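Following: one structure in structure tokens, then a few remarks.
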Amino acid sequence: MKNALRHLFAWSLGILWVLPFVGIFMVSIRPETEIIHGWWVFEEFRPTIMNYIDVLLRTSLPLLRPLWNSLYISLWGTIIPMMLGGFAGYAFARHKIPLKKTIIVALLSLMAIPLQMISVPVFKIMNSLQLLDKFTSVIIMDTATALPWIIFFMMNFVKSQPIEVEESAKIDGASSLQIVVHIVLPQSIPALISVFTLQFVWCWVDFFLPLIFLYSPEKYVSIQVIPMLRGQFVANWGQLSAAAVLVTVVPFVLFMLLQKYYIKGSVGWISEK
């Protein structure tokens with residue numbers, strides 16, 4: 001009886017969680033005349049992709065360019081901190097560094113600082129460097145905010161791996177770079193995929209940084225454009241829903257493709273301890 005109640009509770013929560021996504025998708029594939037009384041009313045059902053075509057190719061703020069901008073920023077805002085944080089995490093895990101504990105505490109403290117608290121001075125710095133309204137400003141901030149947690153994450157993962165293989169390679173004459181490339185890197189692929197997935201999704205859905213630094217329409221990212229699709233007096237819910245689906249589908253597909261490695265990388269270092 002208890003198991004049946006647990007299953008019922010779990011299924012109920014699952015349905016409640018999925019229902020809004022189903023509603024958004026149904027609105028996105030139906031003409032506006034069919035959803036006046038609610039997307040759950042199926043007196044008429046004529047699916048169409050016109051909402052997607054309209055939102056991608058509309059004359060005012062088409063979503064196609066912002067999607068590309070989001071992809072560009074997300075890729076660079078993920079690859080750069082992943083590489084820097086990966087090497088730094090390995091160094092913290094395997095080498096004796098002066099004031100190592102102090103630096104780690106400082107990194108953890110940086111993770112606790114809300115981005116909104118430093119937005120004004122950062123804006124002034126970017127303005128003085130003439131980086132406003134450039135993708136570089138967002139990528140720099142994505143990198144800066146990601147490095148503390150990536151370093152900490154990779155440091156713990158590398159610590160969880162056996163050091164004997166690396167020591168054997170050193171005895172055989174391998175350099176530090178060869179050890180990293182041929183031993184540490186293959187072992188760290190699940191962790192790097194976890195980092196890539198988390199950081200890419202964060203960059204993709206981030207609204208705050210693009211809102212501060214990017215103000216030209218051709219520089220907008222996808223998540224900036226969605227609120228602008230709603231008019232002052234009327235909203236085309238079909239196009240809004242289609243835009244929401246298009247923006248959501250990229251991180252969803254990425255997570256589904258990398259799910260196995262993401263889970264392994266996220267819990268691997270814990271299971272080793």
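Every residue gets a Cβ built from N, Cα and C, even glycine.
If you look up TrEMBL, you'll see 67-258 marked as domain 'ABC transmembrane type-1'.
Annotation source TrEMBL lists transmembrane segment at 7-29 (among others). Outside the transmembrane segment (7-29), and at least 6 residues removed from its termini, the chain residues within Cβ reach (under 8 Å) are 35, 39-40, 47-49, 51-52, 237-238, 241-242, 244-245, 248.
The transmembrane segment annotation in TrEMBL covers 71-92 (among others). Beyond the ends of the transmembrane segment (71-92), by six or more residues, the same chain brings 100, 103-104, 135, 138-139, 142-143, 146-147, 150-158, 180, 184, 188, 192, 195-196, 199-200, 203-204, 210, 221, 250 to within a C-beta distance below 8 angstroms of the stretch.
Here TrEMBL flags 104-123 (among others) as transmembrane segment. Long-range Cβ contacts of the transmembrane segment (104-123) within its own chain (Cβ-Cβ under 8 Å, at least 6 residues beyond either end) map to 92, 132, 141, 145, 148-149, 151-152, 155, 208-209, 212-213.
Look at TrEMBL and you will find 135-158 (among others) tagged as transmembrane segment.
Sequence annotations record features per position, and here TrEMBL assigns transmembrane segment to 179-202 (among others).
The transmembrane segment feature in TrEMBL is assigned to 237-258 (among others). For the transmembrane segment (237-258), same-chain residues at least 6 beyond its ends with a Cβ under 8 Å from one of its own Cβ atoms are 21, 24-25, 27-28, 30-32, 35, 51-52, 54-56, 58, 63, 67, 70-71, 193, 196-197, 200-201, 204-205, 222-223, 225-226, 229-230.
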So if I exclude everything within five residues of the ends of the transmembrane segment (179-202), which remaining residues of that chain have a CB under 8 angstroms from its CBs? That is, six or more out. 74-75, 77-79, 81-82, 85-87, 90, 142, 146, 150, 153-154, 157-158, 161, 165-166, 169-170, 251, 254-255, 258, 261-262, 264-266, 268-269
